[in-house]
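Colleague: Attaching a single structure in structure tokens format; questions to follow.
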Amino acid sequence: GCITTKELGTVMRSLGQNPTEAELQDMINEVDADGNGTIDFPEFLNLMARKIKDTDFEEELKEAFRVFDKDRNGFISAAELPHVMTNLGEKLTDEEVDEIIREADVDCDGQINYDEFVKVMMAK
């Protein structure tokens, strides 16, 4: 059998996710190898493997952020960022660190909050 967007929505909600109709369609398009608009079981397994990987990665990000948010104020300083990245297995040049800070530090306060951090990391 095949899984439609409606059925995928039911499955995702049972897993504690709350995707929109558009997100469900994107998920199906992402793994719909034969382009028929539904996903079969192997395609479904591929999708679930990606989702689990994303979830684990987000947990890793939270953990890394917590480790380097020394005073628990919800920010990591620009100086701490290279240590965070190394901790996540990302070896970066000074230029790359500067670029991330420029991208992430929206309010130009020299610190990166958790949301800014996740946005940059998920874009990698």
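From the backbone N, Cα and C atoms, a Cβ is placed for every residue, glycine too.
Below are the features I grabbed from Swiss-Prot:
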type	residues	note
DOMAIN	1-18	domain 'EF-hand 1'
BINDING	Cys2, Glu7	Ca(2+) 1 binding site
DOMAIN	19-54	domain 'EF-hand 2'
BINDING	Asp32, Asp34, Asn36, Thr38, Glu43	Ca(2+) 2 binding site
DOMAIN	56-91	domain 'EF-hand 3'
BINDING	Asp69, Asp71, Asn73, Glu80	Ca(2+) 3 binding site
MOD_RES	Lys91	N6,N6,N6-trimethyllysine
DOMAIN	92-124	domain 'EF-hand 4'
Colleague: Could you round the CA separation between Asp71 (Ca(2+) 3 binding site) and Glu7 (Ca(2+) 1 binding site) to a whole angstrom and send it over?
Modeller: 44
Colleague: Starting from the Cβ centroid of Asp32, Asp34, Asn36, Thr38, Glu43, which together make up the recorded Ca(2+) 2 site, report each further residue of the same chain whose Cβ lies within 8 Å of that point, ordered by sequence.
Modeller: Cys2, Ile28, Val31, Ala33, Gly35, Gly37, Ile39, Asp40
Colleague: Of the residues in the domain 'EF-hand 2' (19-54), how many are helix, strand and coil by DSSP?
Modeller: 25 helix, 2 strand, 9 coil
Colleague: Between the Cα atoms of Lys91 (N6,N6,N6-trimethyllysine) and Glu7 (Ca(2+) 1 binding site), find the distance and write it as a whole number of Å.
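Modeller: Between the alpha carbons of Lys91 (N6,N6,N6-trimethyllysine) and Glu7 (Ca(2+) 1 binding site) there are 41 Å.
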Colleague: Near the domain 'EF-hand 1' (1-18), which same-chain residues lie under 8 Å Cβ to Cβ, leaving out any that are not at least 6 residues past its ends?
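Modeller: Sequence-remote neighbours of the domain 'EF-hand 1' (1-18) are 24-25, 27-28, 36, 38-41, 44, 47, 51.
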Colleague: So, in DSSP terms, is Asn73 (Ca(2+) 3 binding site) helix, strand, or coil?
Modeller: coil
Colleague: Would you list the other residues of this chain near Ca(2+) 3 - those whose C-beta lies within 8 angstroms of the C-beta centroid of Asp69, Asp71, Asn73, Glu80 - in sequence order?
Modeller: Phe68, Lys70, Arg72, Gly74, Phe75, Ile76, Ser77, Gln111
Colleague: What's the most sparsely packed of the binding-site residues Glu7, Asp32, counting other C-beta atoms within 10 A?
Modeller: Glu7
Colleague: Taking each of Cys2, Glu7, Asp34, Thr38, Glu43 in turn, which of these binding-site residues have a Cα lying within 10 angstroms of the Cα of Glu80 (Ca(2+) 3 binding site)?
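Modeller: Those near Glu80 (Ca(2+) 3 binding site) - Cα within 10 Å - do not exist; the answer is none.
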Colleague: Please give me the binding-site residues out of Glu7, Asp69, Asn73 that lie within 10 Å of Glu43 (Ca(2+) 2 binding site), comparing Cα atoms only.
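Modeller: So the list is empty; none.
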Colleague: I'd like to confirm something. Which of the binding-site residues, Cys2, Glu7, Asp69, Asn73, has a Cα closest to the Cα of Asp34 (Ca(2+) 2 binding site)?
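Modeller: Of the binding-site residues Cys2, Glu7, Asp69, Asn73, Cys2 has its Cα closest to that of Asp34 (Ca(2+) 2 binding site).
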Colleague: So of all those binding-site residues, Cys2, Asp32, Asn36, which one's Cα sits nearest to Asn73 (Ca(2+) 3 binding site)?
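Modeller: In terms of Cα distance, Asn73 (Ca(2+) 3 binding site) lies closest to Asp32.
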